[in-house]
Amino acid sequence: MAAQTADKLDQLHLNGSTTAGKITSASKARAENGTSEHDDSDDDKEDEADAGENATKKKKKRKPKKKKGAAPKAQTDPPRVPIAQLFANNQYPTGEEVEYKNENAFRTTNEEKRHLDRMNNDVLTDYRRGAEAHRQVRQWAQKNLIRPGKSLHEIANGIEDATRALTGHPGLEEGDNIKGGVGFPTGLSINHCAAHYTPNTTSKPWIVDQKDVLKIDVGIHINGRIVDSAWTMAFDPQYDNLLAAVKDATNTGVREAGIDVRMGDIGAAIQETMESYEVEIEGKTYPVKPIRNLNGHNIGQWEIHGGKSVPIVKGGDQTKMEEGETFAIETFGSTGKGYVKDDMEISHYAKRVDAPNVALRVSSARSLLNTINKNFGTLPWCRRYLDRLGQDKYLLGLNHLVQSGIVEAYPPLCDVKGSYTAQFEHTILLRPTVKEVISRGDDY
């Protein structure tokens, strides 16, 4: 999921067949008896000979039968073919592999590390399947879904429907979404809103405008292995430098990250890269500022925000990245103050990993908690997902769960009105032998 404020860190054939050429019953009888109706007619014999040649020719033109049950070879529009049907034997594309350097260079060929890497094959398969689903969903969305005139409801539902189809987990049966599917609500944050906005079912329609800067944050998981990756789209070239600054900063963070690297050093490199850019909007020049209270984060199984954060500004954090960890490297740039606050209607929620075991006096809270446990576990969700499951009249119970410390609310995070913000994000795996940018694609 998009971001973590610094002050909360503690906390988805037809079977072809061909019909054999038929012989009429009379012809069949004649063929069996070896005679014709008119033995004394040469013309008839010639006609039959010609017919025999034609029949032979027709037989030669028959098309071979298609194999039954053949898997689809290409994705549909919109995406509806499960990734597992597009790749044989669970062999999914590998992300961008980057060899470790300096004192960790030995890892690439070290037999012990290679053995450890092979032991993680099932985990890698889950991540790569989710990552390929992410690439196909987002590239379809970029080309065919997201554009001015579309509502945020249409965009969110389009991305999430494709995600459920490609992972093979519709999420309507009890426990299905915990096995795979949507990793967290689709973030659709516009302009000064940097993160954590997605429309509620009852939200007033929000139509994307030609002048908008839209952040799209998408999470897809298989067996709790979450691929968290985000990008920004603008439809006016005057924002190009803002997007370029943040993309460059994120790639800097990805490049600097690795085993034994200190968080503070990564933040310093990100800040230096981003602040080297400026952007001219409506004739006024703005420096691109990193949003200092937004961070990247490590990712656990079924846990989008782990206990470690990756700053995007210089600081004294001496915490190190470690072998086997998964991180979301994300950066945010702004033309405003470079600092976000809670604003607008809340839509994102998640059950806390360390949720207290407390007595719930409100019956609707108990019922809702049971639904959350069975359908989401500790994965983030939004009110649209509850509506989709047929839940109603749950707001009182939801508020009680938040107040009891069982469920965490994630309000939208916004800079000052009138400013513009951008975000790019990748998920990296610190494997024993190499660093794998699992979410890397041709688009970013």
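Using the three backbone atoms N, Cα and C, a Cβ is placed for every residue, glycine included.
What you see is a predicted model, and the numbers here were worked out from it, not measured in a lab.
TrEMBL tags one of the stretches 90-109, 110-129 as region 'Disordered', and that stretch is 90-109. For His297 (divalent metal cation 2 binding site) paired with Glu425 (divalent metal cation 1 binding site), the C-alpha to C-alpha distance reads 11 Å. Across the structure, Glu330 (divalent metal cation 2 binding site) and Asp228 (divalent metal cation 1 binding site) place their CA atoms 9 angstrom apart.
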